[in-house]
Amino acid sequence: MISNLKRFPYFWCLGARRRLNVWRSSVYYVSDDLLCNRFCTAVETINQQPKVTESPELPDWVRILKEEEAAVEQEDDDFLLPSFSEWVKNEKLRAREVDVRGLTSDMTENDVDKISKVLRFHFKSPDAVVDALNNCRFDVSECLVEKILKRFSCEWIPSYGFFKWSKVQKGVILSSDLYNLMVDNSGKSRKFGLMWELVDEMSHLQGYFSLNTMNKIMRRFAKAGKYEEAIGAFARMEEFGIQKDTSTMNILLDALVKGGSVEHAHKVYQDFKDHIAPSVHTYNILVHGWCRARKIDEANETIKDMEEHGFSPDVVTYTCFIEAYCREKDFREVDAIFKEMQMKGCSPSVVTYTINMKALGQANKALDVYEKMKQNGCVPDNLFYTTLIHMLGVSGRLRDCYDIFEDMPKQGVSPNTFTYNTMITIAAQNSKEEEALKFPENGESMQARYLNPERACAVFELAVLRGFLPTDTMYDNLVKELEKRGLKEQKKRVEELMLQAKQQRSDISSERPLKDE
């Protein structure tokens, strides 16, 4: 396939300075914005109104690295699909000369960690949290409040207690973004009374209540199975100065479908279709919901309704059906839909191909999908590549894994955290590649038991050099593997790199204050 990855073990064995010279020129950076997967049906960033894009979400069964996903802090677990970690880039990091050996051995504990230690006590009420924090001294900033609210997003007592305490600190005015975070935290913990109290408080603050707020309310109700309450919140939107229109109705429908009730979503559509004009996305949400519930007849009825309103099925519509049939392993129907798409001039998307590839479940067939995808001019993305690498790794095709990994940047796709984690896992868990991957021209002679851990370390280092923070789970697994194999120097190096990665992330966060809405 592509040229082999002889440099990876070689890369690890050379000195730190040479490693930087080799790889600094190939570092691929991303924008300063939070990267969200393009497959989201609803994506939110902290300073923007919720956006609804015309694309289906990727189903749970297609996702990989479940254990890793659970370890990644997400801005909103309902909206980001799949669960890629926060990937934020700062101009200063872009220009910074990283010294991979220059780690600070006596890193001081920051205020976020100090406050977190206080909040981890089992307080009986938010007021008890306030009393405890009154006995401490911290410099409170919006950035600090944001980090604490996210860290304790699933624990309403410490997060709300800290929120109450923060509001009365001298010189601190909490922004609408932070109120929205607290609204979401209370909804996540199913403290809906508290959620409405915060909403009432926001309604008395100029410009604080927004569509973001209502978006969170409807989604948290739907997530908790309180579908009528979600619909009731939508009915009250105009009380808060938000108009009911196609986009807001679609947000509600999407929340109900994701909450598990396409039936309620369909009823809302029936009730409002004569007053609020539906869009293609309206029908795609419903089709997605019916297909997800494996009610294909109802999905087909929605298609008829869609066409009666002057809309034609698009790639999103077809992908919903492909996902449903892939789930049932009915590849005859899948092939029929692909043919229909071709006849109608509707090109499959990267989501379509990713679902199909994962459902096939075999490395050879996965590579066939990859080749077909490239022939049709559909550009693979991070998720497709990572899924392909994962499937190849499970099949023991390690050379192909590394070839694909090396080919990614050549195709304009930068590996992300989960790509690196997948590569590290594959390299660390497979140690029978000696014959296929010897490096006589480099004068190297590695024993087979060292080879793949070395590769894992190489990819780990490359991830850190490119500004990623590896997940704790991946780091722990690699360290344990190195310790088990007696690779003390490599273990020490990985520990140093993890400290560096955390320091880099801390530096970025401290240098990037929140902006007001």
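Here the Cβ of each residue, glycine as well, is placed from N, Cα and C on the backbone.
Automatic, uncurated: that is what TrEMBL annotation is.
Long-range contacts of the repeat 'PPR' (210-244) within the same chain: residues 42, 44, 49-50, 78, 176, 179-180, 183-184, 187-188, 190, 192, 195, 199, 202-203, 251-252, 255-256, 258-261, 264, 268, 272, 276, 517, each at least 6 residues beyond the stretch ends and with a Cβ under 8 Å from a Cβ of the stretch. As annotated by TrEMBL, repeat 'PPR' applies to 210-244 (among others).
Residues annotated as repeat 'PPR' in TrEMBL: 279-313 (among others). Sorting the repeat 'PPR' (279-313) by DSSP state (H, G, I as helix; E, B as strand; all else coil) yields 26 helix, 0 strand, 9 coil.
What TrEMBL lists as repeat 'PPR' is 314-348 (among others). DSSP labels the residues of the repeat 'PPR' (314-348) in these numbers: 26 helix, 0 strand, 9 coil.
Note: the repeat 'PPR' (381-415) comprises 26 helix, 0 strand, 9 coil (DSSP; helix = H, G, I, strand = E, B). The repeat 'PPR' annotation in TrEMBL covers 381-415 (among others).
Feature annotation from TrEMBL assigns region 'Disordered' to 498-517.
The compositional bias 'Basic and acidic residues' annotation in TrEMBL covers 504-517.
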Per DSSP, how many helix, strand and coil residues does the repeat 'PPR' (210-244) have?
26 helix, 0 strand, 9 coil
